[in-house]
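**Q** Handing you this structure, nothing more for now.
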There are 2 protein chains.
Amino acid sequence: MRDLGAYLVANTASCTPRSTLEVIEGAVAGGIQWIQLRAKDETAREFYELALAAARLTEGKAELLINDRIDVYLAAKAAGAAVTGVHIGQKDLPVRVARQIIGDGILGLSASSRENIEQANLDAEVIDYLGVGAVRATPTKKDHPTPLGLDGFALRTTWTQLPCVAIGAVTAEDAGAIRSGGGAGLAVVRAICQAEDPQAASAQLVAAWEAAK
Amino acid sequence: MRDLGAYLVANTASCTPRSTLEVIEGAVAGGIQWIQLRAKDETAREFYELALAAARLTEGKAELLINDRIDVYLAAKAAGAAVTGVHIGQKDLPVRVARQIIGDGILGLSASSRENIEQANLDAEVIDYLGVGAVRATPTKKDHPTPLGLDGFALRTTWTQLPCVAIGAVTAEDAGAIRSGGGAGLAVVRAICQAEDPQAASAQLVAAWEAAK
């Protein structure tokens, strides 16, 4: 999993007025292979139903990770949906216990401070990749500390052997800097969710990542 | 599980300014045998840590159910804590898929409308009991429809074979009416969480339930 590449965080609130499923459909058509479904304002039932529907769009084409709600991931999986893992943060369940309950699913963790990355290194055997950011300030997540910048991101990739996916107001134009900075992927919310054409924006992001090889 | 008896919903926000653990400790000392831990404003990590601590107080003395967050239940269980089940609502994961992921843990469901109780009857094999309310209007849960009253509660127990626990601003004085109305238990939030002496209030509730036999 050294290279995750272009990665969509399909944050339901950011997709408005389009449906989240429409955005995911465009992203899959545009070649995005990593999609994280994030639903902060929905009930567990709504999140679960959305996960089932999203999995029908991504099955066989992209990894579909569930943000935070490991129970939603487990439920969708139990219902036969092609969900492939979870992405959790520092305020969620500890990664080792998360690994115990998700089994062999993909486990991504947000970690950006020195302390959090060093802890992740101690837990590296149960983690598949790190989400590192925010590279730039973003309205999507308001609880982030000072933006890291592209240099700050590159520095953090030297602190760990885990694949690091850059996130936080990054765009296709950052693909070269992220990749040369040791990044394993480039995750976006608004660059696809709010694009005029999510499919075209996705294809552009995928192409930019490939071109930066 | 026909008789659950006096049941505490330890809602963290309702325990303030006391700690939730202090309230639970008092309830256990007072003889309460069913405790549901409800944490609506806490992060998953905080809820998990609280569940571990609560389980140390209830182990061998009371059932400890986790409200809504099945992932927190599974994580606490994986960590070896004596959590015994979950209580979920209509906006949470569907009960059949919840049962799939919790295994043989206790599964309680909030169901009060005719439609919800009839659906619960169809799913009865995976449900251990129903929470039925609100008997009276309560500030704890603001999304409840018109209060049922004690008669409305009693009527609902005739709609199902599942044990029905009454909830919603009920007190020890209602034990007789709830029990004669077919109730399997009496669940309180504020009557214990905000009591001057949670242990004494718990003992009083337990005694009232027993006296109503």
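Positions of Cβ are set from backbone N, Cα and C atoms, glycine also.
As annotated by TrEMBL, domain 'Thiamine phosphate synthase/TenI' applies to B:7-192. The 4-amino-2-methyl-5-(diphosphooxymethyl)pyrimidine binding site annotation in TrEMBL covers B:GLN36, B:LEU37, B:ARG38, B:ALA39, B:LYS40, B:ASN67, B:SER110, B:LYS141. Taken from TrEMBL, the feature Mg(2+) binding site applies to B:ASP68, B:ASP92.
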**Q** Filter the binding-site residues B:LEU37, B:ARG38, B:ASP68, B:ASP92: retain a residue only if its CB is under 8 A from a CB of chain A. Output in sequence order; output 'none' if empty.
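**A** Filtering B:LEU37, B:ARG38, B:ASP68, B:ASP92 for a Cβ under 8 Å from chain A leaves B:ASP68, B:ASP92.
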**Q** Restricting to the chain of B:GLN36 (4-amino-2-methyl-5-(diphosphooxymethyl)pyrimidine binding site) and a gap of 6 or more, list residues whose Cβ falls under 8 Å of its Cβ, or answer none.
**A** B:TYR7, B:LEU8, B:VAL9, B:ALA10, B:LEU64, B:LEU65, B:ILE66, B:ASN67, B:HIS87, B:GLY108, B:ALA187
**Q** Over all shown protein chains, what is the count of other CB atoms within 10 A of the CB belonging to B:ASP92 (Mg(2+) binding site)?
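**A** Its Cβ shell of radius 10 Å holds 24 other Cβ atoms.
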**Q** Ranked by the number of other Cβ atoms within 10 Å of their own Cβ, which of the binding-site residues B:ARG38, B:LYS40 ranks first?
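**A** Going through B:ARG38, B:LYS40 one by one, the largest Cβ count within 10 Å is at B:ARG38.
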**Q** Calculate the distance in Å between the alpha carbons (Cα) of B:ASP68 (Mg(2+) binding site) and B:LYS40 (4-amino-2-methyl-5-(diphosphooxymethyl)pyrimidine binding site), and round it to a whole number.
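**A** Answer for this pair: 9 Å between alpha carbons.
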**Q** Using Cβ-Cβ distances, find the residues under 8 Å from B:SER110 (4-amino-2-methyl-5-(diphosphooxymethyl)pyrimidine binding site) that belong to the same chain and are at least 6 apart in sequence, listing them in sequence order.
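**A** The answer is B:HIS87, B:ILE88, B:GLY89, B:GLN90, B:LEU130, B:GLY131, B:VAL132, B:GLY133.
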**Q** Calculate the distance in Å between the alpha carbons (Cα) of B:ASP92 (Mg(2+) binding site) and B:LYS40 (4-amino-2-methyl-5-(diphosphooxymethyl)pyrimidine binding site), and round it to a whole number.
**A** 13
**Q** Between the binding-site residues B:LEU37, B:ALA39, whose Cβ has more other Cβ atoms within 10 Å than any of the rest?
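**A** Result of the Cβ crowding comparison: B:LEU37.
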**Q** Within 10 Å of the Cβ of B:ASN67 (4-amino-2-methyl-5-(diphosphooxymethyl)pyrimidine binding site), how many other Cβ atoms are there?
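**A** By my count, 24.
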